[in-house]
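One structure below.
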């Protein structure tokens, strides 16, 4: 039997992960990016951009459930939701499961990403692009949040790492724009990397977000193919009570929602805000 090809992630110089490639579905390498989607027997379809895993069919539900249900159930009565990025459609899929949400706006810089993912990652969106509450806006995320006349109850930044095209979604200009179009008591969340290996990223986001929000923190989830430990999500709001809701309140909202999840549950929600000591110490050592 011929040996299978291997794809190696290149995010870190001294260590990393690899995947056996059963079948390459798409590969485009240009001067600007290297995008590949391949099939792997253990993780299903895998999408990687510039040598970094973006999503896999097997474990994407963890990331998307935690990015969606934590802020929406903490808010409790969100009507208008903004997704920045999220072209694969899985974040949209999870938001559409909240029946009390009235409008979902997704801002994607490249229309081609949406059509591409609908073709190659259909399980991610699971038909959610056809939800009547959904509106797609083709625009730069920073420009949109600083120019739109709309306001939102929850903003989810489904961004790539802060290198290349994703870098602008970690800037003060973006955070200030999000504060501008967030309703009073609203919640902003964003992926912030694996804090054990990308701690400076979390510290930088915390410092910048603290200029615009009175309550800034993080919550976490374990996502196998985001190599290196626990994934960190930024959390920012002006209502500090939302990060400390009782488990009874979260449980009641969860039951009322009718959600059936594979990772998220009310106990996980509460526990996710418990941060490791090394991250607490790093945040505490920053100048006020």
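Each Cβ is built from the backbone N, Cα and C atoms, and glycine gets one as well.
Bear in mind that the values here come from a model prediction, so they are computed numbers and not experimental data.
So that you can see what the record holds, here are the features copied from Swiss-Prot:
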ACT_SITE  158  active site, proton acceptor
BINDING   33, 108, 140, 141, 165  S-methyl-5'-thioadenosine binding site
BINDING   64, 88, 158, 159, 160, 161  spermidine binding site
DOMAIN    9-238  domain 'PABS'
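Sequence features annotated in Swiss-Prot and their locations in the structure.
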{"residue": "33", "record": "S-methyl-5'-thioadenosine binding site", "DSSP (3 states)": "coil"}
{"residue": "64", "record": "spermidine binding site", "DSSP (3 states)": "helix"}
{"residue": "88", "record": "spermidine binding site", "DSSP (3 states)": "coil"}
{"residue": "108", "record": "S-methyl-5'-thioadenosine binding site", "DSSP (3 states)": "strand"}
{"residue": "140", "record": "S-methyl-5'-thioadenosine binding site", "DSSP (3 states)": "coil"}
{"residue": "158", "record": "active site, proton acceptor", "DSSP (3 states)": "strand"}
Integer Å distance between the CA atoms belonging to residue 159 (spermidine binding site) and residue 140 (S-methyl-5'-thioadenosine binding site):
12
Spatial separation of residue 158 (active site, proton acceptor) from residue 108 (S-methyl-5'-thioadenosine binding site) - C-alpha basis, Å:
10
Could you round the CA separation between residue 88 (spermidine binding site) and residue 158 (active site, proton acceptor) to a whole angstrom and send it over?
10
10 Å Cβ neighbour count around residue 141 (S-methyl-5'-thioadenosine binding site)?
25
Out of 64, 158, 159, which of these recorded positions is nearest residue 33 (S-methyl-5'-thioadenosine binding site) by C-alpha distance?
159
Intrachain C-beta neighbours of residue 158 (active site, proton acceptor), sequence separation six or more, cut-off 8 angstroms:
67, 83, 84, 85, 86, 91, 191
